[in-house]
Amino acid sequence: MNQEKLAKLQAQVRIGGKGTARRKKKVVHRTATADDKKLQSSLKKLAVNNIAGIEEVNMIKDDGTVIHFNNPKVQASLSANTFAITGHAEAKPITEMLPGILSQLGADSLTSLRKLAEQFPRQVLDSKAPKSEDIDEEDDDVPDLAENFDEASKNEAN
């Protein structure tokens, strides 16, 4: 960059005369508790009501993962059509949640579950497939076929 342009930019940032220091950029540090307080105050404006007795909340994403809340705090404002779920969230694959989550799945999730079920046996078979060395050993145990049984059955039918 040109020295003249650089000097102009430096002069714009300077506070006071030539001998004073440049101003420092103020950095605002936000904590999680401050965000929570701001969120709770916004929810109070919406007049949310606590909903008791909810043991778990599962949010199923398009990619097949589930956001799982165990014993969450659920608040709702029906007039604003807003629900707030707070608590410890865990991202889990849908296969880990399967036995208990089937009743919660919708039509879209069931079709994606079918696709996942089709892929699952292939993965299991690929992992359990015998190695080429094992195949050679197994071939020794099976006797060779001496005659063709299909031709013999055709001859009997005639």
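From the backbone N, Cα and C atoms, a Cβ is placed for every residue, glycine too.
So that you can see what the record holds, here are the features copied from Swiss-Prot:
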- 134-150: compositional bias 'Acidic residues' (COMPBIAS)
- 33-98: domain 'NAC-A/B' (DOMAIN)
- 124-158: region 'Disordered' (REGION)
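Under DSSP, residues within the domain 'NAC-A/B' (33-98) fall into helix, strand and coil as 14 helix, 29 strand, 23 coil. Restricting the average to the domain 'NAC-A/B' (33-98) gives a pLDDT of 88.
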